[in-house]
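Notes to accompany the following structure.
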Amino acid sequence: MLHEKHSGMFPGSVHPPPPYHSLPPLITPSPSSPGRLESGTRSPAAAVLLFHRSCRHTTNSEALLTKATCLPISRQHQPHVPGNPLQLLFVRMRLLGRRCVAFHTCLVVVIALSEARTFLSQQYASEFLVRKRRANSFMEESKKGNLERECIEELCNKEEAREIFENNPETEYFYPKYLSCLGSHRAEIFKLTPVIPDSPPDLRACVKEISNQCSPLPCNEDGYTECIDGQARYTCVCKPGWQGERCEEDINECEDPANKNGGCSHSCTNVPGSYHCSCDNGYYILPNKQDCKDWDECMIHPNICGTAQCKNNPGKYKCECAEGYTYNSTSKNCEDVDECAENICAQECVNSPGSYACYCDGKKGFKLSKDRKHCETVPVCVPLNLEKYDELLYLAEQFIAIPVLYLRFKLPEVTRFSAEFDFRTYDTEGLILYAESSNSTAWFLLGLRDGKIEIQFKNELGTKVTSGGKAINDGLWHIVSVEELEHSISVKIAKEAVMNINSPRNLFKPSNGFLETKVYIAGLPRKVSDTLIKPLNPRLDGCIRAWNLMNQGNSGIKEVIQKKQSKHCLVTVEKGSYYPGTGMAEFHINYNNLTNDKEWLINITLTIRPSTGTGVMFALVSGKTVPLALSIVDSNSPNSQEIIVTIENVIVARLESERLCTSKRTLLGLRANKQLLELTADSQTHSINSEQEQQLSILDQVMKGPIVTYLGGIPDVPVGATLLTAFYNGCMEVKVNEVQLDLDEAFSKHNDIRSHSCPLIANEMNEFLN
């Protein structure tokens, strides 16, 4: 074979070829016609150029070409122009005995040659890209493929690229992009289109980026920490809180089953790549960023509730006021709640600072129920026999001592005064009948004093008072008769004379042949009481029956009595005062010490047999206040009652007993002065304690002024002045400061109250009848 030594010069050339980077493009666009090439005839639409590595000499002399020239694949496409550089190259290579091996083919570039007409001019056809031979280039084939050397400093084909990457996936990924880099940066010979903005500035940068799977960055910038280049693949290393091939998927730590709620004690909020714990209102998060702790607002802000009490609760605080008050968040004060505005009570409601009280109209027979809001009828605990008989005339129908009956007789002048009847009473004093002449100049009185019959009369000869006989106020029926004789007046009890009073003249003087007489039963005519010889309380709690006046029998009288229920007398009674639960009695009693006006004493003894379990028995009233009241009330326990003492509307003493509503009578005691208050019942004693001393001072102040005593109830006072207004129902006798109170001596009394007779218990009546 022919061996020639070349020095990098083409044969026949005078000057060395220009450097690689300074060569003009082999094919240049025509400036006058876009898409057309410089001079020559039209060529095919595309030409495939094969770049070969340096064809080696049989001797290791320097290569003719460092990088091979372009050889057309189809010879028939090459123009047969004498002096064609490529033709000369082929001839020259044959002459040199050179052969380019296919194994070393490094690149196929398809260049669109739209409207290309000719190859380069003859000026450049003989010029080839050459460069000086690298040192130790003879050793390159024995070295491992190097991207910088093989494909940047030189041009590499696909097989050479595979030698570099040593795997198909990376080679298949690299090579098409490598061709694109060549088209954009190799000495501008393939720059047929503008460079893409932000593209690599040169071939080296372009090729370097091809093999780096991490450029451009495939990983999610927010979620990755590192991109690891691999063989035609990449690995994104995720930050904590991210997952996915490109670290694009946020991990929701709040829903991690292995770490419930993200470990947050309250709220967990997921955010891209992380999460954070938050606390409910009123809590703050601890340094571990997970646990929450309650703020103690009451300690941090001592005045946060103003006048109210601050109470810390988990996660919040509360301003609390005493019961009956509500908190005003604007003024930060506790304000009274007007419960009465809510119609909380069934009947009467009285609002007070911080509280309220419901009241029932006790005078109509109601009491407060256990819920302290509703009203219920006062129940009867001991039924009484209230049977009446229309032929029994009740003498105490009217407290004001108006006569129960008024009769007028006009009889023949020979008629004398006479009266006979059956009489029953427990009363000690009172008027049975009063008779007078038609002109009121003469009168005759039959009454009772200390339980005995008393006679007072006045006629033309003068006046006389006489009493005698045995006491008849034992509750039994007694026949009483009075008869005027010719010179005396005879009084008999049970047909037995007890008095015989001398009277030389007639009691009443006839007029015009007639004896006209007016008779008053159980009462006096007006303005007569002042003319009595000896004062006598006209009120008499008693009954009469079978009467015969002026020997005229009971004609006309019976009919009058039967028409009016209030004139009827109870069939059976026992000693005592009866309060029917419809009214009260009023007394004016001085409780002051006679020697020292500043000292006062209340010493009350009551003997009671209640018929209902609720009612006021004793009360002191001053104006519109009730400074002291002693009452019986039904207890919350069944079949038991309480005795309570109240000062105004505050209970200061109470005792409970199961033996109040029975057939037996109970003795109660109440003793009070400015230093003490003591209640006794059934051998039980309750004394006022130090907490109630303030109430005792209220009583002390009231007792220094005018005070009124009431038995069986209280008058109309403002609602809330006292706890209880129900009238007492039952039998009761009262002593005040060792003096027995007589209801006939009361300042006022309800007509239904019986001063000296109490009905029997119902079953006792059955036993009595049997």
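Positions of Cβ are set from backbone N, Cα and C atoms, glycine also.
Automated prediction, rather than curation, is the source of TrEMBL annotations.
Within the set C238, C254, TrEMBL assigns C238 as the partner of C247, by disulphide bond. The recorded disulfide partner of C219, taken from TrEMBL and restricted to C206, C214, C236, is C236. Mapped onto three states, the DSSP output places C236 (disulfide bond) in strand. Residue density at C247 (disulfide bond): 24 other Cβ atoms are found within 10 A of its Cβ, drawing on all protein chains shown. Taking a C-beta cut-off of under 8 Å and a sequence gap of six or more, C219 (disulfide bond) has these contacts in its own chain: C227, Y234, C236, R246, C247.
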